[in-house]
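Asker: Submitted below is the structure of interest, expressed as structure tokens.
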């Protein structure tokens, strides 16, 4: 059933910049660059997709189908989770290429490694939590929802990048090329993934509750 909702999101709602911003995972090839910026572009594509859906009357169209408001939210969340997971996978692929071509350390922040992917998942989870919790209270306030969510995202990203300079453990253990210190980085990755999954689960429930209360006839 949800495959149909996902197909609708991809074919009718997805903004054209989504695949383009996914390919910005290749920015991990840039030497001495803050790689958490890469994940931001995917959050930006989510904003563009929701804004495009608003302008094209996607919600009115969706509710004209034999589905519930809860299904509308689940379809959007499933789409968002899918593109975020793909982004993380692409970052890992390009990170492997980077280390093969240029193994020099990243002097501008977190190295392109397993820990970065964990932090990326956590940042996505935080963004989704703030954005969709606010967005489904009023689908017309896409901009305000994005400003709030992106503020939280950048606070988290700055903390991640700044920790590589301020916290010795992060600098010496987590901010190293793979496969060095693989176990602690794997733990960070797993924690980030769990945070991502839990936050999205909580966000989906909250968004459904808010959306079902919203009077779309006004």
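Each Cβ is built from the backbone N, Cα and C atoms, and glycine gets one as well.
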Asker: Out of 95-113, 114-132, let me know the one TrEMBL marks transmembrane segment.
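Answerer: When 95-113, 114-132 are checked in TrEMBL, transmembrane segment belongs to 114-132.
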Asker: May I ask which of the stretches 36-54, 152-170, 182-203 has the most CB pairs under 8 A with the transmembrane segment (114-132)?
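Answerer: The stretch with the most contacts is 182-203.
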Asker: Under 8 Å between C-beta atoms and at least six residues away from its ends: which parts of the chain pack against the transmembrane segment (36-54)?
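Answerer: Non-local partners: 13-15, 17-18, 21-22, 24-25, 27-28, 76, 79-80, 83-84, 87-88, 91, 109-110, 116, 119-120, 123-124, 127, 131, 135, 139-140, 142-143, 146, 149-150, 153-154, 157, 160-161.
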